[in-house]
Amino acid sequence: MPNLYLVSLGCNKNLVDSEIMLGRLSSYNIVDKPNNADVMIVNTCGFIESAKEESVRTILELASYKKENSVLVVTGCLMQRYRDELMKELPEVDIFTGVGDYASIDEMILKKQNLFSPGVYLQKSDTKRVITGSSYHAYIKIAEGCNQKCSFCAIPTFKGKLKSRDINSIIKEVKELTKDGYSDFSFIAQDTSSFLRDAGINDGLIKLIDEVEKIEAVKSARILYLYPTTASMGLIDKIIASPKFVNYFDMPIQHINDDMLKIMRRGSSKERLKELLTKMRVAPKSFLRTGIIIGHPGETGERFDELCDFLTEFKFDRISAFAYSKEEGTLAYEMEQIPSKTITKRLNTIEKIIKKQIEGSFKSLVGEVIKVQINGSSSEGEMFFGAKSIIWDREIDGEILINDTQIKDPKVGEIYDCKINEFVKDKLIGEIICNS
């Protein structure tokens, strides 16, 4: 059996594509090091400059491990976006492919053939996946592409317009995964709240929630990547009322100043954002995550200060901050740019605010009893089990450490009542009270 080594870079949407490729390559032995791999695959990210640089570094690193008759495959967003340039500049690569042919990866390797189908690959209900990183949680991609026209984002130029999966296809996938023991699901897309708008249906997520709630084996679920102009009050109400979907609200705002929101072509206003966020915040046991961009063209010192003030006053649980990246094919590319030193200085300022906000969110749980799921061994070694709040996403929201002597027969994915005792060095420490 030949050995396969795969590196998945970028977002969890890329991870799903990688898992689809692993499903097509089930006849290979998956290895965790490239040294003895017969086939190496890099699923690249092409979103911002730092991601592009990481992708190229990874490709060149894996090329150094090539042996006689081994195959190096490069796929994903970077490849789709810079097809001609990369094929010319990377002679080390044996097979090039973009974002439309993940389900044909086995044939490409067999024939040692490049393949670039028009459009993106849209997952089908019978698509096989090898879920990685968890035995109880899975990401479910509900759409591809994006109809938004944000000034800074190049994704629509290589992913195309919104293409939603059929609800029946999604529900069939979830049902099949529950048969394999999966009970916790995160629904993802570039803009989840636009789901089914390409079919003329507004609030398609409400229809999806209705169907997921009928699946008894689903214990918990959440929706990531809401977009401010397509996330309705009705959708928020539906999530709050749902017995399956937790009150997890992930909505990147990118900025709060009205002038900046117009320049960035976000389609929303400060007033509308505050209205949505407040409704999310006051929901019982709600968890709010957002993302912001620092240094976009047009961001004056005064506009940046307004963002800082808002992030200081409004209580988010998690905030991801990104330095603006000048990307070809975007409106912002042609705008007057802000000096990199200014962007770095502003990013350092905002990160101090974020650190304080996140610490406050963690500390608010000390003394509380919350429901957690066991992930397995912790990042701190064998003395602790790692767990997460049932509300949190699997990978990005943190870890709760639990002494391994407190659970006689721990089951990964099992839900427990946990009392949070301490917050130490970005980690919560808790004790299991009972099986929930």
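Cβ coordinates come from backbone N, Cα and C, glycine included.
Note that the structure is predicted; figures quoted are calculated from it, not measured.
Features of the protein shown, as given by Swiss-Prot:
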DOMAIN    2-114  domain 'MTTase N-terminal'
BINDING   C11, C45, C77  [4Fe-4S] cluster 1 binding site
DOMAIN    132-363  domain 'Radical SAM core'
BINDING   C146, C150, C153  [4Fe-4S] cluster 2 binding site
DOMAIN    363-434  domain 'TRAM'
C150 ([4Fe-4S] cluster 2 binding site) to C77 ([4Fe-4S] cluster 1 binding site) - Cα separation in whole Å: 18
Assigned element (helix, strand, coil) containing C77 ([4Fe-4S] cluster 1 binding site), judged by DSSP: helix
Under 8 Å by Cβ from C45 ([4Fe-4S] cluster 1 binding site), same chain, sequence gap 6 or more: L9, G10, C11, N14, A51, K52, E54, S55, G76, C77, L78
Site with most surrounding Cβ atoms, counting all protein chains shown within 10 Å, from the binding-site residues C77, C153: C77
Lowest local Cβ density among C11, C146, C150, which the record lists as binding-site residues, within 10 Å: C11
Environment of C146, C150, C153, the listed [4Fe-4S] cluster 2 site - residues of the same chain whose CB lies within 8 A of the CB centroid: Q148, K149, F152, A154, I155, P156, Q190, D191
Tally of residues which DSSP labels helix, strand or coil - the domain 'MTTase N-terminal' (2-114): 50 helix, 23 strand, 40 coil
Per-state residue totals over the domain 'TRAM' (363-434) - DSSP helix, strand, coil: 4 helix, 41 strand, 27 coil
Residues within 8 Å of the C11, C45, C77 Cβ centre (excluding the [4Fe-4S] cluster 1 site residues themselves): L9, G10, K13, N14, T44, G46, F47, A51, G76, L78
